[in-house]
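Participant: I have a structure here, written as structure tokens, and I will follow up with some questions on it.
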Amino acid sequence: MVADVLLTHFNQLFCLNDPGHPLTGQEMKKATIVEDGYIAIKDGLIVALGSGEPDAELVGPQTIMRSYKGKIATPGIIDCHTHLVYGGSREHEFAKKLAGVSYLDILAQGGGILSTVRATRSASFDNLYQKSKRLLDYMLLHGVTTVEAKSGYGLDWETEKRQLDVVAALEKDHPIDLVSTFMAAHAIPEEYKGNPKAYLDVIIKDMLPVVKEENLAEFCDIFCEKNVFTADESRYLLSKAKEMGFKLRIHADEIASIGGVDVAAELSAVSAEHLMMITDDGIAKLIGAGVIGNLLPATTFSLMEDTYAPARKMIDAGMAITLSTDSNPGSCPTANMQFVMQLGCFMLRLTPLEVLNAVTINAAYSVNRQERVGSLTVGKEADIAIFDAPNIDYPFYFFATNLIHQVYKKGQLTVDRGRIL
């Protein structure tokens with residue numbers, strides 16, 4: 001078979017492993033590493049991997065050949081938890097954060113999520129589209145090739161749908177692949193204050209059926225937290241969403257442990273998000289149910305909290321984890337997955353290989369894209385992040401700098417030395 005594109009002489013290829021399930025325990029520490037590696041691409045798919053000089057049959061007169069001595073290649077990075085589409089920004093809350101006002105106190109004052117809801121409701125489709133596109137461009141420049149994107153800053157049908165429509169449009173227009181999550185249960189709207197059950201009934205009866213019918217989202221999510229939605233309320237919504245055919249995610253145990261992990265385990269959610277306050281019993285329940293823990297260390301960093309999710313304990317117990325940005329305008333205003341990966345080492349005490357597995361193959365399972373992406377494997381899409389680094393330790397050791405040299409998306413050179421092509 002003659003390749004369309006042949007990428008050769010990488011210091012190392014991090015092909016990683018895909019055993020047919022998310023990696024856990026000791027599996028997180030391992031990878032298939034190819035020295036002096038090459039990748040052959042045809043029709044956007046990986047058709048061959050190897051070491052040294054490529055087989056002659058891969059090379060034809062039209063084959064594009066590029067050499068990458070001194071560089072490493074990994075699967076494209078996957079950010080599997082973002083709040084991508086929103087109006088406005090919240091830097092006006094920064095001084096309060098520095099003064100020690102808590103996230104929930106800011107929310108109770110009408111700020112936080114509710115502030116962004118007001119800005120998003122007043123934003124046009126084009127405004128939201130352009131703002132979200134800029135974020136995606138930034139992510140792509142940092143090696144991200146697949147992104148999960150939630151609604152949740154409308155809290156009414158008109159705005160929630162506008163957010164989902166923006167995600168759908170960007171999925172068509174932008175190189176990054178987007179996976180849509182419906183999260184109208186992100187907060188209790190001011191018009192339903194004191195009556196969250198009535199709002200959940202509106203979501204269940206009026207919103208979810210349309211989202212499903214129009215195929216606007218694959219997942220459903222809810223914020224199970226003190227002063228937001230209780231475990232019983234979360235169970236009520238997610239069980240109905242599951243009956244309609246949605247895959248489930250849940251924000252749980254971020255600020256307080258109030259039963260969200262139990263809901264995730266009972267309903268076999270694909271992932272439980274945040275988990276800074278998870279207990280040993282909660283870890284055991286998620287392991288037993290096969291729920292992936294999606295950890296968001298940049299949120300802890302941004303909130304200036306001391307308690308990070310117990311990633312080391314989770315992995316050692318045999319739990320599958322991912323890492324994501326939680327990109328949003330309030331509790332985590334960043335879109336930099338490289339920074340998140342570095343926090344995975346510095347603050348969660350994970351090894352570079354554990355982090356790399358978390359943000360590639362495990363993240364692919366978290367967004368139900370494991371058949372297509374997440375590892376450099378023959379037959380999968382050629383989503384490739386190329387780092388200007390001699391080995392996998394370097395991008396973690398040399399932190400706070402974008403070390404992406406190039407990005408390939410479905411076999412197309414998409415980013416070249418800081419420019420989107």
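Backbone N, Cα and C atoms are what each Cβ position is placed from, and that goes for glycine too.
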Participant: If Swiss-Prot says Arg90, Tyr153, Glu254, Ser331 bind 4-imidazolone-5-propanoate, which of His21, His174, His186, His405 does it name for the same site?
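Facilitator: For 4-imidazolone-5-propanoate, Swiss-Prot names Arg90, Tyr153, Glu254, Ser331; of His21, His174, His186, His405, the listed one is His186.
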Participant: Measuring Cα to Cα, tell me the gap between His251 (Fe(3+) binding site) and His186 (4-imidazolone-5-propanoate binding site) in whole angstrom.
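Facilitator: Rounded to the nearest whole number, the Cα-Cα distance is 9 Å.
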Participant: Would you kindly give the Cα-Cα distance separating Tyr153 (4-imidazolone-5-propanoate binding site) and Gly330 (N-formimidoyl-L-glutamate binding site), rounded to the nearest Å?
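Facilitator: Tyr153 (4-imidazolone-5-propanoate binding site) has its Cα 12 Å from the Cα of Gly330 (N-formimidoyl-L-glutamate binding site).
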Participant: With the 4-imidazolone-5-propanoate site defined by the record as Arg90, Tyr153, His186, Glu254, Ser331, how many Å span the farthest pair of C-alpha atoms?
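Facilitator: Pairwise Cα check on Arg90, Tyr153, His186, Glu254, Ser331 gives a maximum of 20 Å.
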Participant: How far is it from Glu254 (4-imidazolone-5-propanoate binding site) to His83 (Fe(3+) binding site), counting Cα to Cα, in Å?
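Facilitator: So the alpha carbons of Glu254 (4-imidazolone-5-propanoate binding site) and His83 (Fe(3+) binding site) sit roughly 16 Å from each other.
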Participant: As a test of the contact definition, list every same-chain residue at least 6 positions from His83 (Fe(3+) binding site) whose Cβ is closer than 8 Å to its Cβ.
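Facilitator: When sequence neighbours closer than 6 are ignored, His83 (Fe(3+) binding site) has Ala149, Lys150, Gly152, Tyr153, Met183, His186, Asp326, Ser327, Asn328, Pro329 within Cβ distance under 8 Å.
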